[in-house]
Amino acid sequence: MILTVIFGLYSGFRPISPQGIIANLFFQGTGVLAISMAALLIGLAVHRPPSPFDFVRTHPFIRHKSRRLVQAIPILIAVSVFLPAFSAMKSQVGTLYPYDWDPFFIELDVAIHGTDPWRMLQPFIGYPFITFLIAMAYQIWILLLYIMMPLLCIWMRSRTLASQVLTSYFLCWFVIGGLFANLFASVGPCFVEPFFGDRHFVPLMEYLNAANAQYPLMFLDVQASLIEWQQKGESELGRGISAMPSMHVSVALLFFLATRKLSQAAGWFFGAFFLIILIGSVHTGYHYAVDGYASIILTLAIWFGVGWFVRRRIGRTKYAANRGR
């Protein structure tokens, strides 16, 4: 978080409003409490104790998770501050370094796949209802972005794993979404025509607008707003444009890497969710395929690098503790 604030100050973004932080904290806290209460109600329905209050007060699992819920409060606060800080930093992408990389990524996509990746996907998912489902997955990603980290830290059995998840999460935002996004500044397929007059992806956008006439695609409204804000030179929170690398793909992959340690079912679910986001990042016009590939490589490097560091540090701590006995 400190690195993000320093980078943001260097980039010259405006101060983060306390209202935004409070709103994020309220949204996250409400979401975490709602899911926790739902889990509690399911537990009561399954066990049917004579006294629900005694059950909540004495059940070891509930007492343990209640303590973890309290311990997750600093994480709620950290994420509530971090996301607006990152959003402010992202709004400055294209100012430190100009948006020069789109032509290269278009050519690289074609060189790797033989054609535009969205054209390869179109025979399989180019149907309005499927596009609508992918759009819904993108909306779910936004919800998960706010509540997954606190929930993971509550449900993680291992503090080592919780440390790996949290550290990887913040590093991915800074390294992938901040450093690399600025170094390889690009707008993405849906924006190359309005910003640069490049009509390469007009057929994709024509399909998406036709699908929107049958099923509402909320991301098209978001794209239109981003175009308007960018053309007006407005750089408020949440108004930045950046394609390479894809944070949608990075965060979805992190969810999979973390949840597969919790249960097989959660791993399968978030593995499928990751694949939908990876495909959807191309299908919605937000990203080139290479944006997702780069995110996968960088996220895996951060995940395993942090895991090695955390295990090594804990191993040294245990060794020092044993020597002190």
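Glycine is no exception: its Cβ is also placed from the backbone N, Cα and C atoms.
Over in TrEMBL, the protein carries these features:
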type: TRANSMEM; residues: 20-47; note: transmembrane segment
type: TRANSMEM; residues: 68-89; note: transmembrane segment
type: DOMAIN; residues: 118-303; note: domain 'Inositolphosphotransferase Aur1/Ipt1'
type: TRANSMEM; residues: 125-154; note: transmembrane segment
type: TRANSMEM; residues: 166-185; note: transmembrane segment
type: TRANSMEM; residues: 240-258; note: transmembrane segment
type: TRANSMEM; residues: 265-286; note: transmembrane segment
type: TRANSMEM; residues: 292-310; note: transmembrane segment
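Proximity of the transmembrane segment (166-185) to the transmembrane segment (265-286) is not established, fewer than 3 Cβ-Cβ distances being under 8 Å for residue pairs spaced 6 or more apart. Counting residues 6+ beyond its ends, the transmembrane segment (292-310) has Cβ neighbours under 8 Å at 160, 163-164, 167-168, 171-172, 175-176, 180, 244-247, 249-250, 253-254, 257, 278, 281-282 in the same chain. Across the domain 'Inositolphosphotransferase Aur1/Ipt1' (118-303), the model assigns an average pLDDT of 90.
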